[in-house]
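J.: From Swiss-Prot, for reference:
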type	residues	note
ACT_SITE	139	active site, proton acceptor
BINDING	19, 20, 21, 22, 23, 24, 25, 26, 27, 42	ATP binding site
BINDING	94, 96	pyridone 6 binding site
DOMAIN	13-275	domain 'Protein kinase'
MOD_RES	50	phosphoserine
MOD_RES	180	phosphothreonine
MOD_RES	225	phosphothreonine
MOD_RES	265	phosphothreonine
MOD_RES	299	phosphothreonine
MOD_RES	306	phosphothreonine
MOD_RES	309	phosphoserine
MOD_RES	311	phosphoserine
MOD_RES	312	phosphoserine
MOD_RES	318	phosphoserine
MOD_RES	326	phosphoserine
REGION	161-204	region 'Activation segment'
REGION	427-441	region 'Leucine-zipper'
């Protein structure tokens, strides 16, 4: 956030007469106490609350100040100092005391294209400087084209009021609806991306008025004016342009182009044959020592235009109605965008529902197949289980039979074992008998042998 001098401006400057006022600003003449030099003090009413529409926001004030701090050009007003108090930010600006260019020209009996273009060239030079710094003024109109001093042979143009000027950043799309309806470009009316080209349209309108005293798009109402601008509804009425050169008309045509990309740039405008031809004619006239032939334009209609413009300034050229209109357009654009977003969301939701339905149907078919397969598997398992249970019962019966058989075998084995033991005892007894018999026989045999020997 920029910081300004938190001092009372009247400690440094003596305030004088009011020079002009706008919706949220008052400009007063002032004199610096130390030097006696005269300046213009622009009191900008600060917005107290962000939700309020009274006053200028801090962001807007800082934007204007930052732009003024950056620019230094003979045809652009200069910022000298800045003060701030509780209610206002005060810009101390170069004093531009020569009045409006159109008022100055309207005081003349007649005007030549050459004279008009000398001033136009200064306007182009100032805008060229701004555009070289990517600064768009966005409010070029007769009231903001002033003379530093009209009481000199060659008055100097000064472009003033940078309240809605913007720095155009590459890659950052900028849209807004502001400016003075009579001079705004179609892209502003239609809420389209804005750039330096909008200033060139305004220069086209200013040139048209300068040469004819008529406004190309001005209607009975603001809505009619904006409709004419959007439709690029204008022509070169012979009543107003009978003394205007074709080159001048071509210059205007190349600026009043709806497509910003096809509109003449500031560099191209400075190289346009109409601007360069006047310079060449002036040089030839100086070399030959005679004045070049000049087309003279009546200033009667320009007088009428300036009188009408000043008298209708409060109701017709104030920003209030146009701002309300712009708010309506912004809200309508936001509503349309919201509707488009809702339609996109509805379409996406419908697509999601269809996708989910397709997934559900696919899953349902898969579950159905799986269910059928599982049913078959369950039936097969049930059959296997029944078989297993039957085999189990058979095995149990066989085991029971085997147990019964084992008990019988045990009893039979026991009986056989008993019989075996009895037989073993009997055999043992008989074996002892035989052994005793054999021993007895052997003794008898021995006894017989002994008897024979004797």
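Numbers run from 1 along the shown chain.
Using the three backbone atoms N, Cα and C, a Cβ is placed for every residue, glycine included.
Context for these features, please: burial, neighbours, distances.
T.: The 10 Å shell around the Cβ of residue 139 (active site, proton acceptor) contains 23 further Cβ atoms across the protein chains shown.
Residue 27 (ATP binding site) has a Cβ environment of 21 other Cβ atoms inside 10 Å. The DSSP secondary structure for residue 27 (ATP binding site) is strand.
Counting Cβ atoms from all protein chains shown, residue 94 (pyridone 6 binding site) has 16 others lying within 10 Å of its own Cβ.
Residue 50 (phosphoserine) falls within neither a helix nor a strand when secondary structure is assigned with DSSP, and so counts as coil. Packing around residue 50 (phosphoserine) is summarised by its Cβ count: 8 other Cβ atoms lie within 10 angstroms of its Cβ, all protein chains included.
Sequence-distant neighbours of residue 225 (phosphothreonine) (same chain, 6+ apart, CB under 8 A from its CB) are 181, 182, 217, 218, 219.
Secondary structure at residue 265 (phosphothreonine), as computed by DSSP, is coil. Just so you know, the Cβ of residue 265 (phosphothreonine) picks up 16 other Cβ atoms within 10 Å once every protein chain is counted.
Taken residue by residue with DSSP, residue 299 (phosphothreonine) is part of neither helix nor strand, so it is coil.
The secondary structure of residue 306 (phosphothreonine), as reduced to three states from DSSP, is helical. Packing around residue 306 (phosphothreonine) is summarised by its Cβ count: 23 other Cβ atoms lie within 10 angstroms of its Cβ, all protein chains included.
Residue 309 (phosphoserine) is surrounded by 21 other CB atoms, counting those within 10 A of its CB over all protein chains shown.
Tertiary proximity for the region 'Activation segment' (161-204) is limited to same-chain residues at least six positions away from its ends with a CB under 8 Å from its CB atoms, namely 22, 25, 56, 60, 63-64, 66-68, 120, 123-124, 127, 130-131, 133-141, 143-144, 215, 217-218, 222, 225-226, 229-230, 232, 252, 254-258, 260-261, 263-266, 269, 317, 319, 322-323, 325-326, 329-330, 333.
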J.: Mean pLDDT across the region 'Activation segment' (161-204), rounded to an integer, is what?
T.: 92
J.: Sort the recorded positions 25, 27, 50, 139, 265 by C-alpha distance from residue 306 (phosphothreonine) and give me just the closest.
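T.: That would be 139, nearest by Cα distance.
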J.: Using a Cβ cut-off under 8 Å and a sequence separation of 6 or more, which residues in the same chain sit near residue 21 (ATP binding site)?
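T.: Those within reach of residue 21 (ATP binding site), by Cβ under 8 Å and sequence separation of 6 or more, are 27.
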J.: Just jot down the residues in the same chain as residue 19 (ATP binding site), at least 6 apart in sequence, with C-beta under 8 A of its C-beta; none if empty.
T.: 27, 28, 29, 40
J.: DSSP three-state call for residue 180 (phosphothreonine): helix, strand or coil?
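T.: In the DSSP reduction, residue 180 (phosphothreonine) maps to coil.
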J.: Checking the spread of the ATP site as listed (19, 20, 21, 22, 23, 24, 25, 26, 27, 42): what is the longest Cα-Cα distance, in whole Å?
T.: 14
J.: Fewest other Cβ atoms within 10 Å: which of the recorded positions 23, 180, 299 wins that one? Let me know.
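T.: Comparing Cβ neighbours within 10 Å for the recorded positions 23, 180, 299, 23 has the fewest.
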